[in-house]
Structures are given as C-alpha cells and as structure tokens.
Amino acid sequence: MSADDLKAKGNAAFSAGNFEDAVKYFTEAIGVDPSNHVLYSNRSAAHASLKHYSAALSDAKKCVELKPDWAKGYSRLGAAYYGLTDFAEAAEAYEKGLELDPSNEQLKSGLSEAHAAQARPRNPFATPEVLRKLLMDPRGKALLEQPDFMRMFSDVQTNPSSINMYLHDPRMQLLLEIALGLKMSRPSDTDVPHPAANGGAAHSRHEETKPAPAKAEAANPAPEPEAAPDVDMTDEERGAAARKAEALKEKEAGNEAYKKKDFEAAILHYDKALELYQGDMTFLTNRAAVFFEQGNYEKCIADCDAAVEKGRELRADFKLIGKALSRKGNALVKLGRLDDAISVYNKSLMEHRNADTLALLNKTEKALKEKREREYIDMGLAEVEREKGNTAFKEQRYPEAVQAYQEALKRGPPTVNPEAYKLYSNLAACYTKLGAYPEGIKAADKCIELKPDFAKGYSRKGTLQYFMKEYDKAIETYQKGLELEPDNAELQDGLQRAIEAISRFASGQASAEEVKERQARSLADPEIQGILKDPIMQQVLRDFQEDPRGAQKHLRTPEIMAKINKLVAAGIIQVK
C-alpha cells in the first residue's frame, strides 16, 4: 500500500480511538516514506494518546528535524515533554512553535498549561527519586512488573490528586510507604500479590483492582492531541481522500452488481472508480473478474496485467498480486494456453503460496500432460514400435526392446489400446532378462491389472519373484495363474521350482550364505515385518522355542498356522 493509503488508515484508526492500530499504520507508512514529517507528527499524537510519552517525544523530535519551520511539530514536541512532566522543555517547545505561528491557539494553550504546571508545587510522584526507591526495594520492584499498577502510577504522576481513587488498593499504600515514608493502615504485605500470581495479573484479596479513569478537571492533565491527526492534510490531500472515498463507493456498487450478475453495470461502476482514483489495484482485478464471467478472457488478462503492474508500483500486499496472477492463469486456461497458465500460476505462488492456486496449478499440469499424451497417440506408430521391440527381444537386444515397448505404450496407451497388457507382459520379460526385477514386477502387476484373466501375466510375475528369492510369494502367484489355466505347463513348472527351493531351505540343504541372504530379503518385506512385530506371534515363537510340544496347540488356529507357514517359506524359521 502507498504511504497515503496507510496514513489514511492511521487517521481513521485514531479517530475511532484505536490508537495502537493508528501507531501500526503510521509506522508502516513511515517504512514506505521515511522522510514525511507529517507521519512522525501523527504517530507522536497516537503514542501520546497511549501515554507512551517517550516514544511520542522521539517522533516529535524527528518531525521537527525533518521540518523545522512547521509549527505543528513543536506542538507535538511540547505535548510529549508535558506528558513526561518536563514542563520547562515543554514551555520552550511551545514558544518555538509560536515564533513560527504566533496566532496558533493550540500552541498558546499548551504554553499556558506548561507555565501553570511549573508554578504548581512539584508532584512528588513525578520525580526520578520515587522510581529509584521503588527499584531499590524488593516489594517496589515487584510492583513495577505489574502492568495495571504501572497504569495507576502513571496516572498519579500526571495527576497527583487522582491518588484518592486508588488508596483502597494495598499496592498504592505500599507505594506511599516506600516513596514518601507514609505508613498507612493496610492489609498485611502478603495481600500484595507477586506479579507471577494469577497468571501475572495483580489482584487484592477480595476484588480486582481497576484504576478509575482520570477526571476531566484533573489538576495537572497532559494536553491530549487534537481529535484526529487528519488535520495534518493539505487541501490537495483532502481532495484526493474525497475522490478515493467516492471511488470506494463505486467499487462497492460494482461488487453488488457483480453478485447480481449485472455485469455491464458492474463494469461501469469499476470504470468510474478507476477514473476517480488510481491507487487501488482491486478495481482492476474486480473488473477482470467480470470480464472472465463474460467470457472476454483477453480483456480479463489485460486487466490482470495492469493490476499486477499497479500493485508493484503501490507496493501492494503480495496476496493481492498473487490473486491477480491466479485470475490471469484461469483466463489462460479457458483460452487453452495451458503452458502459459502454468507459468503464471507459478508466479502467483511465488507472490503468495495459496492452496487454491496450488490446486489449480496441479490440475492444469495434469490437463497439459493428458493433452500432450492425447496428441501423441498414433496406433499405427504404436504397432511399428511393438514390432521393433519383438525383433530386438529375439536378437537379445533387451535395452532396445524396453525402449521400443515403452514408446509403443506412449503411442497406444491402455486408454485406446485394448491389448496394451501384452506390451506390459513383454516389458516384464525384458526386465527379467536384464535382472531389473523390481521394474519387472511393476510391469507384470500392470499387465495383471489390465487383464486379470491373462495367465501369462502371473507366470511373468512368479518368475520375477522366484529370482528375487521370494519363493513363498512366487508360489501364491503361480497358484493364482493355475486357477485360470490349471493345465498351464509354464505355471506348473514355476510352482514346482518354488516349492523345491523352499524345501531345500527347510531341510537345511541351502548354504549358510544363501540362508543369510534369503533371511535378509525376507526381513525387508513389510508383511514379514508385520508378522514378527505381532505380539501374539512373538509369544507363539517364544512358546515353540521354550516348549515345542506344548506350543503345538497354536497350530490349531488357522490364522497363526498361515503366519507360521509364511515365516517358514521366507526362511525365517526352519522346520526340523
């Protein structure tokens, strides 16, 4: 946002009595325009309203430094000094301001109050000695850590007569004792809570102590800043503020028309807003939304581009710039320019990482991938590549065969090629020859997924599992294939080989190295890990180790028997 926009927000917050928000907005405005003396003046007024007089003084000094010939700056300086009870410095500041503007009533009033304060007896609570005594006394130091006590203390420093409102509070009585030596009848010191008690809040024994507001006729009030610092505006600024207010009304009218789907009226309102005020990028992004709804995507894109440019010029919130880019991406998608849309969505996410935009990006990337895949489909070329793969396989050129089969699947994917499962079967055979067993398993699984009744797929997968020494899994796979084709010799031979392998391990005929290697493979299997971590199975295995005869009862439970068979087949346990 621009410094003027932030200043206007600060003025509005100050007028509403939201002084902390006012400080925040004026601070942000100073970050944008650090040489603007009016911003320091206004923030000084906000700090003074919060009774943060040290901060008010710092800002007032900066204001005077930047604009030494501006009387208002000395008014701020005098108010800050007055709040700090440095009445001599306050009077001097007001006098300097009157040298620049002799007829300024605010400066005259401030000077009169400063002189009156100097003539009055010294406020005993406003001296540094009081603070020193509190810091030196452990009881007083504890009081200084309590925010509500400090508010009372500040009030008494400013207006000593207000102490009568706080005398019922034992902490104020303790203050009188420590600072002035006045011993008053009050509850035991134990009634003054430590600041850590009650979550840091300070309470008397019976009721919460709340400082009463200072009376308007207090004897020594600090002069408050004027009702709103927006008096620190030039005529040009006031005119700009009026035009901005009118533009915002037009924007709201446009928003209402948009909700009613009266798009032509909405555009007219946004056009008018843009004529009145050029400092708000949302006028452009809102009009872009209307063009999008009308299907006028080129105009939508143009407005989004203009909004981004305006946003960067105004140093607008990154979220707004990201939103404009996201809207542009949506229009590009509608125009079928998916590559451009993806680029714009990525730019939007760089401005502001938003879940909605990320979802749009993922959706568009997927759509682009599918579009390219569709455009790449050519069943004639798919058949050519399949033949190349077959030839390469026969000539034992397995890497070339893999490339050809993969290209055949790209040209003729399963969505358009009902016999794509055969290509996956061929890929599984190639990977088997190359020793790339995990890749082969994936290809065989895809083959089975596409054609569950294709026995060759189970044969391919069983062979791969056999070579991976996953004999128990190979047996399951071969058995599934034989359910489809009971007389399939390839499946029968594979099943027999897997059974013999397991028997060799179970009978102890396998070498120690083979046993160790197979156990390592099995222990990496998530299914085997699950069985071994099962508390029931752990107890079963302990029973077989400690009392084999008594443990036979476990074999009567089908679930336990099945798990034991898996452990035996995996080579984890041996049957003697």
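Please read every residue number as a count from 1 along the shown chain.
From the backbone N, Cα and C atoms, a Cβ is placed for every residue, glycine too.
Here TrEMBL flags 211-221 as compositional bias 'Low complexity'.
What TrEMBL lists as compositional bias 'Basic and acidic residues' is 236-253. Cβ atoms under 8 Å from those of the compositional bias 'Basic and acidic residues' (236-253) belong to residues 4, 8, 269-270, 272-274, 276-277, 279-280, 282-283, 286 of the same chain, restricted to positions at least 6 beyond its ends.
For the domain 'STI1' (137-176), the DSSP-based tally of helix, strand and coil residues reads 31 helix, 0 strand, 9 coil. TrEMBL lists 137-176 (among others) with the feature domain 'STI1'.
If you look up TrEMBL, you'll see 525-564 (among others) marked as domain 'STI1'.
Under the heading region 'Disordered', TrEMBL lists 186-253.
According to TrEMBL, the feature repeat 'TPR' maps to 3-36 (among others).
As annotated by TrEMBL, repeat 'TPR' applies to 71-104 (among others). Summarising model confidence by region, the repeat 'TPR' (71-104) averages a pLDDT of 91.
Residues of the repeat 'TPR' (382-415) grouped by DSSP class, helix first, strand second and coil last, total 27 helix, 0 strand, 7 coil. What TrEMBL lists as repeat 'TPR' is 382-415 (among others).
If you look up TrEMBL, you'll see 421-454 (among others) marked as repeat 'TPR'. Within the chain carrying the repeat 'TPR' (421-454), a Cβ under 8 angstroms from the stretch's Cβ atoms is held by residues 386, 389-390, 393, 396, 398-399, 401-402, 405-406, 408-409, 414, 460-461, 463-465, 467-468, 484, all 6 or more beyond its ends.
Sequence annotations record features per position, and here TrEMBL assigns repeat 'TPR' to 455-488 (among others). Within its own chain, the repeat 'TPR' (455-488) is flanked in space by residues 421, 424-425, 428-429, 431-432, 435, 437, 440-441, 443-445, 447-448, 494-495, 497-499, 501-502, 505, 517-518, 521-522, 525, 565-566, 569-570, which lie at least six positions past its ends and keep a Cβ under 8 Å from the stretch.
Residue counts for the repeat 'TPR' (421-454) under DSSP (helix as H, G, I; strand as E, B; rest coil) come to 28 helix, 0 strand, 6 coil. Under DSSP, residues within the compositional bias 'Basic and acidic residues' (236-253) fall into helix, strand and coil as 18 helix, 0 strand, 0 coil.
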